[in-house]
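Chemist: Please read through the structure below; I'll follow up with questions.
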Amino acid sequence: MSILDAIKQVEGLMPDRYKELSREEMEKRVAHIKRKFGKRLFIPGHHYQKDEVIQFADETGDSLQLAQIAEKNKDADYIVFCGVHFMAETADMLTEKHQTVILPDMRAGCSMADMANMQQTNRAWEKLQHTYGDTIIPLTYVNSTAEIKAFVGKHGGATVTSSNAKKVLEWAFAQKERIMFLPDQHLGRNTAFDLGIPLEDMAVWDPIHEELQTEYNHEQMKVILWKGHCSVHEKFTVKNIADLRERDPDIQIIVHPECSHEVVALSDDSGSTKYIIEAINRAEPGTKWAIGTEMNLVQRIIQEHPDKQIMSLNPDMCPCLTMNRIDLPHLLWSLEQIEKGEPAGIIKVSETIQKDALLALNRMLKNT
Ligand code: 13P
Ligand code: SF4
């Protein structure tokens with residue numbers, strides 16, 4: 001072992017020698033460990049994962065499905081989560097104490113989840129309480145840290161995913177007059193708009209300047225949107241849609257609700273990754289589609305539907321860089337660490353945070 005590899009091992013990082021292995025060798029070793037562990041090992045994979053990883057997933061799904069799958073699995077001692085950090089945290093909170101959740105690369109975070117920290121959230125809540133008193137309930141997209149979920153749970157709110165956001169917002173409006181929605185302003189705005197709330201009744205909370213951004217009266221606000229976004233989905237633009245429609249007026253455009261409201265409004269349809277996959281599965285052969293979501297998924301959909309003409313809404317799109325941190329070398333390394341009895345990349349949410357975060361997660365799971 002090189003000195004660099006020894007240091008990496010101490011730091012819980014994958015040694016470089018894994019990068020030198022052939023794909024064939026890695027696949028053989030992963031398959032062997034999977035066979036050896038059987039049901040004691042479970043690998044969930046998010047739709048945005050690379051093909052080289054997803055081929056080994058025991059189940060694939062969108063954020064909601066993966067949370068539900070984690071909750072149901074009672075057999076696995078090790079859950080090697082092929083997705084990003086917040087998803088692994090959610091899996092840890094929804095599984096039993098004896099089950100260990102592992103993220104094959106600790107650097108697989110989510111830039112959107114990082115856009116809301118606790119200090120900013122406490123400050124925002126304090127100011128919003130001052131303005132709105134007890135008329136507001138917090139909701140958070142699952143793409144947030146366990147701490148933010150705990151904050152939301154403690155204050156009577158729930159988590160949402162892109163597949164159940166509408167139902168959870170309806171539930172929230174039955175509890176209180178207003179919603180504070182963290183951290184993705186676009187999913188919050190698109191969902192509230194679908195429920196009939198005019199854009200003038202939604203304000204943006206800027207956590208850096210600690211101010212509510214709206215040109216309208218604060219009293220009329222129904223939804224306070226955290227100023228966060230997905231750095232992947234913000235790359236789909238109104239210009240992409242205009243260019244495409246000009247070139248091909250027959251093309252149907254379907255996008256993820258993490259895209260801006262303007263993009264969603266100009267598209268033919270929008271929905272979670274699961275919704276997009278199902279819409280294309282249902283589509284007639286020969287139909288033409290442009291998809292506005294992460295590139296690994298778009299490429300997989302293209303390969304699975306040679307009878308349809310499918311492309312990315314943005315021709316210059318690249319995959320989600322943090323999702324892409326999980327690759328075959330990291331998957332193999334994390335499995336071999338388990339085999340050696342030295343699991344690395346363990347995700348463990350503290351009991352205090354978990355207690356409150358589970359309130360938010362369970363309110364979501366109960367209402368969807
Ligand atoms: P869904 O899987 O819920 O559609 O979410 C997409 C996403 O951005 C996950 O990070
Ligand atoms: Fe986060 Fe966007 Fe990547 Fe999803 S696609 S993990 S929201 S940065």
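Glycine too: its Cβ is placed from the backbone N, Cα and C atoms.
Grabbed the feature section from TrEMBL, which reads as follows:
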{"type": "BINDING", "residues": "His46, Ser63, Tyr141, Val142, Asn143, Ser162, His256, Pro257, Glu258, Thr273", "note": "iminosuccinate binding site"}
{"type": "BINDING", "residues": "Cys110, Cys230, Cys320", "note": "[4Fe-4S] cluster binding site"}
Chemist: Tell me, by DSSP, whether Cys110 ([4Fe-4S] cluster binding site) is helix, strand or coil?
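Modeler: DSSP assigns Cys110 ([4Fe-4S] cluster binding site) to coil.
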Chemist: Where the criterion is a Cβ under 6 Å from an atom of ligand 2, which of the binding-site residues Cys110, Asn143, His256 meet it?
Modeler: Cys110, Asn143
Chemist: For the [4Fe-4S] cluster site (Cys110, Cys230, Cys320), what does the 8 A shell look like? I mean other same-chain residues with CB within 8 A of the CB centroid.
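Modeler: The surrounding set, listed in chain order, is Val84, Ser111, Met112, Asn143, Ser231, Val232, His233, Glu258, Glu294, Thr322, Met323.
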Chemist: So of all those binding-site residues, His46, Tyr141, Asn143, His256, which one's Cα sits nearest to Cys110 ([4Fe-4S] cluster binding site)?
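Modeler: Checking each of His46, Tyr141, Asn143, His256 against Cys110 ([4Fe-4S] cluster binding site), the shortest Cα distance is to Asn143.
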Chemist: Over all shown protein chains, what is the count of other CB atoms within 10 A of the CB belonging to His46 (iminosuccinate binding site)?
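Modeler: Around the Cβ of His46 (iminosuccinate binding site), 26 other Cβ atoms lie within 10 Å.
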Chemist: Based on DSSP, name the secondary structure state of Glu258 (iminosuccinate binding site): helix, strand or coil.
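Modeler: Coil, per DSSP.
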